[in-house]
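One structure is given here, and the rest of the page talks about it.
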Amino acid sequence: MTSSEPASPEIEQQANSAPRRPRILLAASGSVAAIKFGNLCHSFSEWAEVKAVATRASLHFIDRASLPKDVILYTEEDEWSTWNKVGDSVLHIELRSWADILVIAPLSANTLGKIAGGLCDNLLTCIVRAWDYSKPFFVAPAMNTLMWKNPFTEQHIMSIDELGVSLIPPVTKRLACGDYGNGAMAEPSVIYSTVRLFFESRVQQSGNIVQQPV
């Protein structure tokens, strides 16, 4: 077949059904562990298409220069600046539909409480409120030991577990405040390997390359 000849229907069908990289939506909320968000984005971008979301509080800790150049970071301002009139796309719905997997790392005590209570007062919590829970959703909490041990935290973790959210537990180490105890976010390498192993196992079981967004 020469370059001027049209592709056969069989070839076009194969091209349309070719595997694509998983689409990962990474999000950071307001914990000092957000200083590792750039490393997390780099880990995932080697394997998947990545888009990122940051709450206003998390921006105190995120070094934008540390993010991969091909990763777009969406903030609260983008939620409003991209919509002008009825019929325009809504950012939190667009991101929810685009992603195969949602990962919040770090998940602060405040954002955990909002999600558990169904609140949606910023870009990230609106994405969560609109999320399709048949798609994987991981959280990696990060907070002071006293906050992690608080009875409210236990209730909130139970609430999101009932939704099908997967917990990547915090670890015990020296915390940012100087205390030693449980509550530190798992390392980016652990978060990445946990999500990738889960996703690839799910793909093998289903026989699909990726779960297509709804």
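Yeah, the Cβs are placed from backbone N, Cα and C, and that goes for glycine too.
Not measured: the values here are computed from a predicted model.
Summarising the annotation, Swiss-Prot assigns FMN binding site to Gly30, Ser31, Val32, Thr55, Arg56, Ala57, Ser108, Ala109, Asn110, Thr111, Ala142. With a cut-off of 8 Å between CB atoms and residues at least 6 apart in sequence, the same chain places Phe61, Ala142, Ala176 near Val32 (FMN binding site), listed in sequence order. A helical conformation is recorded for Val32 (FMN binding site) in the three-state DSSP classification.
Sequence annotations record features per position, and here Swiss-Prot assigns active site, proton donor to His92 (among others) based on similarity to another entry. Packing around His92 (active site, proton donor) is summarised by its Cβ count: 22 other Cβ atoms lie within 10 angstroms of its Cβ, all protein chains included.
The annotation N-[(R)-4-phosphopantothenoyl]-L-cysteine binding site is assigned in Swiss-Prot to Asn144, Arg174, Ala176, Met185. For the recorded site, Ala176 (N-[(R)-4-phosphopantothenoyl]-L-cysteine binding site), the DSSP three-state label reads coil.
The active site, proton donor annotation in Swiss-Prot covers Cys177 (among others) and is backed by similarity to another entry. When Cβ atoms from all protein chains are considered, those within 10 Å of Cys177 (active site, proton donor) total 11, not counting its own.
Taken from Swiss-Prot, the feature site 'Important for catalytic activity' applies to Cys177.
Proximity of Arg174 (N-[(R)-4-phosphopantothenoyl]-L-cysteine binding site) to non-local residues of its own chain (separation of 6 or more, Cβ distance below 8 Å) is seen for Tyr180, given in sequence order. Annotation for Arg56 (FMN binding site): same-chain Cβ neighbours under 8 Å, separated by at least 6 residues, are Gly30, Thr75, Glu76, Asn122. In sequence order, Ser29, Gly30, Ser31, Ala57, Pro141, Ala142, Met143 constitute the residues six or more apart from Ser108 (FMN binding site) in its chain with CB-CB distances below 8 Å.
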